[in-house]
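A.B. asks: So TrEMBL lists the following for this protein:
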type	residues	note
DOMAIN	8-60	domain 'Myosin N-terminal SH3-like'
DOMAIN	69-764	domain 'Myosin motor'
BINDING	163, 164, 165, 166, 167, 168, 169, 170	ATP binding site
REGION	600-635	region 'Disordered'
REGION	644-666	region 'Actin-binding'
COILED	916-1099	coiled coil
REGION	1107-1148	region 'Disordered'
REGION	1170-1202	region 'Disordered'
COILED	1324-1413	coiled coil
DOMAIN	1508-1784	domain 'Dilute'
């Protein structure tokens, strides 16, 4: 394929750019061979000419199609080059927020500088067990691949994590270790995985520091080997470290920090235990303040210190050792503050009593003078003498810093050693996975020995990486049987030889270190002389003689020679070390240097401080005696080279997995991508080299099926053969002429770089041509359809127009004719109107004139009449006035005359009064007169009173009359005034008439104006009315609108209230479900611990007690059959005592169930006790009130009754004791008599004794009653005799005492009297009681009469209503009424029957007790009979008639057969045979019938033992066969049925209402098994959870393949090119699960549950749980797989979900809630299919996806990938819009659904209609030892 075919117009290419590294451009015209310039247009619209290189004429790299942008694997790109890799990473990182990308075998991880929710345990579970290519790239996928290969290939693995500082190496390694710890778990209970994870905080605190590039930069390399046992569980770990940066202890650059542990110590200085360390602020110490940045934003050093100490404790570092470590670290800080004073240029001294040095010596436990001396001096040893030489101040400071570095390096090694000891495996290690967290390639402005060692290590790792990639490529080609051609790849062995070979850089450096006067300058000259111009990889800078350049695989690096020798030697004065070793107060300090002597020399650490540790797994050879000094002198470079070789050996012995960490920018900005920095790192970490190796061969690989599915559109029908491989070969030979561009393997087709893009271009052209043809056809069809529609419309318009014109002409003719008719009538109307107006005017004038004349005549007559009336009244008034004057004069004369006569009489009387005789006359008979007067006065008084009454009456009548008269006067006065007013009014009216006449003319003149104004006013008024009407209509509309709003508001308020109520109800339901779920989770945990306890107990039994030969082991179920709890029964204490004595003391219940039941029972008892106490208190109060009222009513009778009752009770007790004694004596007498004739139950003597006993007992009863009556009478008499304090109530008693005192001499009469009186009282009390009973009866009869009346009224009403109904309805109503009446009667009869049943039960129970005692007595008697006597006794043949046996629904078995019953019915029962051949739930019915019989016998031990054995047996069979779905389903069904039976036959009314009368007879009578019901309910919950786990294990492998990967609708999903990682094919192979597999499995589950008779409600809950698992697993995989997030896959998912819904409909399970559990998956599928462009689309998505969380919606949009070019990507701005709209939504930040979630289960009561007596036990169960009762 020529280049011109690809570089055509509109093709897109990449061109170099100084800012963005690479820019995208588009060709404006086709490229032709020989062109020197390309016409391009940039994305921003700018045109430019791109000049090709005249020498190479290399064309710019082509850009991949948009469909391939954002791929998970970079090797899936059609064009593999640097700009494609960079662009793909940028798109994934910036647009999709994806930080992981595969590049062949390498995982590229870009540091997001932000916490992402992709490392939770749910993500770990999602990646566990998955193929690496099936899921999106992730560090967990690499860890899973390593773990899987370790288990599959039984080969050790390594994960190599590399990258720059700040790229995220440590975090990636930490997450990989967390994955192993979570997935594998530990083999012991020592929590090794926690210890492995706990080593991270310790190593970070002592080995990490803040740098300018990273706040938590690892300043050392480490290789952690995580050990696994044969079951691949973590058993331990081992850590090796490399190149600790010791120089950081004494020096930090600007904006950097020392190691974290120092700042943690300073932040915790205030703690009491740290007071002795004398620490302070970090700015106080020289070693922690140099960087000027002691605080990291967002990090609390004090809190980190707590975490560090906790991790140390977890790893077994004791508190004393921890304090020792902190002392050493504090000593290093104080040592840094030691200062020196110069004495001269060659010597110095420490100031006297220098405080920092004093503190250092106190902490280290060394002598102050000795340490001060050796800090300022050194010892020089020659062959003959030893000299002590002072050193200068500069040398002393360097020696102090070297000592601090050395102490820290040894402490670091010691801590690593102890961490390794804590992580050391206690058992043999089978395999391991190593995690290498090592520094990446480094280049700075000034590069020294540290960078040289780091880059040397990276050269070695890159070589190993290249060889591994090359090896994988070779293996792939050989596997596919493709001709192998050597691929040229970069080999960096020459660079490695330059560094480590003989006379290499390190060799020359070591040689220079051995020279007495060796220096950096001389070493540089040796380098120039040896390698310059001889090795192409070695160069010399132009302007420097103290530096050299090495061409590494990533870049050229210039190293400064200054400091190389000193750092390689890493000199520490031995005398200072000896001082520290001599410390006796501080034991930890010498330990550090003792370990150093054993392993390495004191100078073995690197100048950068990175101390390599030897691998613990490799045993060093035994040191020879003379070898110690030689080993002591090894340089740092030599040590590092050896440790690096050891590391490479380890890596080469394992299968490596590579993680390359990329730092996207230098400013730690989240999700910011700097192309320049990214390209540097990609080049340095070998990613581009991987791409180059892949591109050199056949990078694109397709399976034949994938190629056929993708490029089927390029084939014709005749090209498609049955053999897919041959079909693909034929098509490729036609499409690509150059056969070197592809190769056919066994299972795949291999393509050269760019060939897939070419095929994609051909495919796109074919599809585009097909689209154009479809568009052409569709557009032609649309235009033809449009033309036909327009033609039809034109004809229709013409028809309508012509019809319209004809109608208009006809209308014109009609109008002309109508106009003539209108004119005729109009003219006639005008003439007639004129005539009528003239006639009306004439008549009006006549009427006015005649009226005027009549009114004048009337006024004249009226004036004459009124004048006559006035004259009449005036004349009458004058006559009355004259009469009054005459009367007044006559009266005056009479008064004067009478006054004169009175005066004369008065004068006479005065004269008589003066005479004496007058007085005498007057006084004669004065007395009598007075008496008479007195009587008269009385009479007059009476008269006066009567008169007063009359007068008052008269006054009343007078007042009323007066009032009436007054009213009449007032009325007359008013009429008079009205007359006056009328007169005045007449006058005024006359005047007004004159005025009106005058005004009449004016009025007539104004009439016209008024009429005009009236017309105008009328017009205005009409206008105003119309406006008002309009306003009224507006107001009405507003009113209606307001009413509507009010109604809407009311409706909204109602709806909101209802919604709130529903929400609150839902919330309460959720809370209930949460509580139920919490309880069931606790139950699950309890069952897990119980199983663990049983396992441990079994292991302990196996270890402790080894069975002896011949010893038969007891059945395991036997020990757990007994229980130590007792049940309350109705038997008395005397009856219960023998049973309890028979209990064996050795029997003990299982600890778990007894504890559980005891706690539960104790809570229930406390609640019942509280309730009973409350009821008792209420009852006592009511009784006290009732007793008080009764005492006030009849006190004597109550006392008598109480005495009667107490005496009766005493008599009964004494009689009972006598009868017992007599019975015992009789038994003793009978047993002592040996004669069988007497003792036999049928003997005559026996019958006689029994008859006598019964007669005596009856006589005793009669006598007892008589005695009780007499005693009660006597007692009541005594009460009556005794004096009482209450005088009101005891008057009879006092009278009685008086009578007794009067009749002391007659004692007998008194006694008779008293007895008679008491008898009367008793009779009175009896009469009162009878009266009361009669009253009660009367009251009840009245109530019955009232109820009958009500019933009669109701019947009459019903009759009246029925009469109104039609005949059919009347009959129906009467039948309904009759049914209701009969139902009520039946209910009443049932209640009576239940009461009688209860009475019968009590009597039966008593009968059983007596029968049992008699049976025991008979047994005791029979035991006394000798066997010979029994044989000699003649047997009389008796004819026994056979009755039809009536079974009671019980099963009887012997106690010793209990284990056999459990074994045959539970442990060895096969569910398949039972489910098919027998009735569902048969074992449950059998067990319950056995429980019923034990209850019938009142044997609590048997009930308890059977129930406990049943529960333990079910647990055992589930533990043994817990992975079998049929077994678990079978026992879940039977456990629920057993639970329902215990409820149904418990005797509780709530459960009995569904029973038949026959079933109610089968209720339990003696025991309340409510506690065991709770235990069975808990057991059912455990079985349900186990069933769900079994379902999940079966469905889990099917879900992803069937719901996501398999193409149910063929041809919808497109297949995209895949990379090196294998992807699960979407084409159904033989072993691939499909949707039909899932549905078949669901059918199997459903049929099994139905066969086992599981409750329908429980089946619904199981189905709901299954669908939740399907939905959750499918959605979780969708969220973690970019290749599944496309439009076609959404359509596929929706189709699959519809199939599942169809299954629900077929099984009638739509109301089970299962469909709702699929709602998140349905919405995710809809989200993949909806339009995703505008704000309206965003709003629709937000309202549609209410079941998805914000994180899930954003994740799906980020992952959305077009499969075809016609689909469009989701813009970043649209995703931001979605995030803004969903900002206020309060939902979980968790990304994945909890696939392990189990809904809380409930067991609704489901009574059985099956009668127990009809159940037959098949012989196949082997239960012949039980019998029906």
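For all residues, glycine too, the Cβ spot is worked out from N, Cα and C.
Explain the structural surroundings of these features, please.
C.D. replies: Predicted-model confidence for the domain 'Myosin motor' (69-764) is 83, expressed as mean pLDDT.
Of all the Cβ atoms in the protein chains shown, 23 others lie within 10 Å of the Cβ of residue 170 (ATP binding site).
Residues 89, 93, 103, 105-113, 139, 142, 145-146, 149, 153, 155-164, 166-169, 172, 176, 213, 223, 240, 242, 434, 436, 440, 456-457, 460-461, 464-465, 468, 614-615, 618, 672-674, 677-678, 681-682, 685-687 of the same chain lie 6+ residues outside the region 'Actin-binding' (644-666) yet bring a C-beta within less than 8 angstroms of a C-beta in it.
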A.B. asks: Which are the residues of the chain, 163, 164, 165, 166, 167, 168, 169, 170 excluded, whose CB is within 8 A of where the CB atoms of the ATP site average out, their centroid?
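C.D. replies: Near the ATP site, the remaining chain residues are 111, 214, 217, 218, 440, 661, 663.
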A.B. asks: In sequence order, what residues of the same chain, 6+ apart, have a Cβ less than 8 Å from the Cβ of residue 166 (ATP binding site)?
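C.D. replies: Listed in sequence order: 111, 211, 213, 214, 217, 663, 668.
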A.B. asks: Including all protein chains shown, what's the count of other C-beta atoms within 10 A of the C-beta of residue 169 (ATP binding site)?
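C.D. replies: I get 27 for this one.
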A.B. asks: Same-chain residues six or more away whose CB lies under 8 A from the CB of residue 167 (ATP binding site)?
C.D. replies: 109, 111, 440, 661, 662, 663, 681
A.B. asks: Let's see if you can do this one: DSSP helix, strand and coil counts over the domain 'Myosin N-terminal SH3-like' (8-60), in that order.
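C.D. replies: Residue counts for the domain 'Myosin N-terminal SH3-like' (8-60) by secondary structure: 0 helix, 24 strand, 29 coil.
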A.B. asks: Given a separation of at least six residues and a C-beta threshold under 8 Å, show me what packs close to residue 165 (ATP binding site) in the same chain.
C.D. replies: 211, 213, 214, 217, 218, 439, 440, 442
A.B. asks: Hey, what's the Cβ neighbour count for residue 168 (ATP binding site) at 10 Å?
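C.D. replies: The answer is 25.
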